[in-house]
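Noted in TrEMBL for the protein shown:
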- 12-36: transmembrane segment (TRANSMEM)
- 28-279: domain 'G-protein coupled receptors family 1 profile' (DOMAIN)
- 48-73: transmembrane segment (TRANSMEM)
- 85-107: transmembrane segment (TRANSMEM)
- 119-137: transmembrane segment (TRANSMEM)
- 183-208: transmembrane segment (TRANSMEM)
- 229-252: transmembrane segment (TRANSMEM)
- 258-278: transmembrane segment (TRANSMEM)
């Protein structure tokens with residue numbers, strides 16, 4: 001595994017901001033999960049989907065944490081092939097799952113704004129559970145063929161990966177075999193999964209805007225759109241680095257390795273860190289839950 005090329009003597013110092021980012025991401029997502037689980041007022045579809053987003057955020061970042069700090073703290077740069085493949089599987093599975101969860105959240109906003117009277121009857125707990133399971137299976141199963149083929153590839157040249165963790169695009173560069181299937185299948189999989197999700201999100205917002213424009217009062221239109229602001233930010237936070245990393249790996253192979261490393265870290269660290277912050281700032285119920293968690297006695301006495 002590779003740390004930050006050219007800055008090896010500063011790896012211990014570089015690990016400090018990474019440690020802080022991981023800490024903020026883990027604490028933020030765990031806080032949201034705890035609040036949604038313990039506060040009966042948040043037992044609604046919107047917050048169940050937010051809990052799913054927090055789980056996928058942690059699933060995306062945690063598999064990279066151990067190997068990253070092993071490299072930055074000079075413990076070991078080596079990783080076993082099987083461990084590398086498992087790590088790669090979880091990273092790609094949860095990145096696709098996060099995209100699916102964002103689609104589910106877009107549908108949630110569509111039902112809430114366009115069919116508010118039927119909101120509770122459409123998005124039942126049973127349906128939400130099925131959506132969560134379907135999102136995970138839909139993301140995990142397509143990754144298996146590419147992962148399984150890696151076991152049959154010989155790696156007879158360099159064994160040096162360009163990141164502190166394992167990505168499929170990085171591993172197949174080192175294979176001494178015909179990797180056309182993996183490359184083509186990977187591009188088709190990304191196009192279909194991300195394409196379907198982004199198209200679904202786009203269509204949902206077309207219907208949402210159509211419904212919002214029918215609201216007579218400007219205040220009502222603003223209030224309806226304001227409920228979507230956090231979700232739009234979450235979509236941009238995931239898709240912009242994700243698309244950027246894919247473009248860099250496929251069309252900027254000979255660019256500086258620092259660009260590849262920088263984009264990969266943004267892709268895996270920014271969503272888990274920023275999503276809890278955005279939802280905590282933008283969502284009143286989550287904000288109140290955090291305040292109640294931090295100052296339970298003060299809030300209880302003020303309510304009395």
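Here the Cβ of each residue, glycine as well, is placed from N, Cα and C on the backbone.
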Stretch with greatest number of CB pairs under 8 Å, the transmembrane segment (119-137) reference, 12-36, 85-107, 229-252 candidates: 85-107
Contact set, same chain, for the transmembrane segment (183-208): CB under 8 Å, 6 or more residues outside the stretch: 96, 99-100, 102-103, 106-107, 109-110, 113-114, 138-139, 142-143, 145-146, 168-169, 172, 224, 228, 235, 239, 242, 246, 250
Spatial neighbours of the transmembrane segment (258-278) far in sequence, C-beta under 8 Å, 6+ residues away: 2, 4-6, 18, 21-22, 24-26, 28-29, 31-32, 53-54, 57-58, 60-61, 64, 91, 95, 98, 162-165, 167, 230, 233-234, 237-238, 241-242, 244-245, 248-249, 252
Distant-in-sequence neighbours of the transmembrane segment (85-107), which means Cβ under 8 A and at least six residues beyond its ends: 46, 49-50, 52-53, 56-57, 59-60, 63-64, 67, 79, 131-132, 134-136, 138-140, 142-144, 147, 150-151, 165-168, 171, 193-194, 196-198, 200-201, 204-205, 231, 234-235, 238-239, 242, 267-268, 271
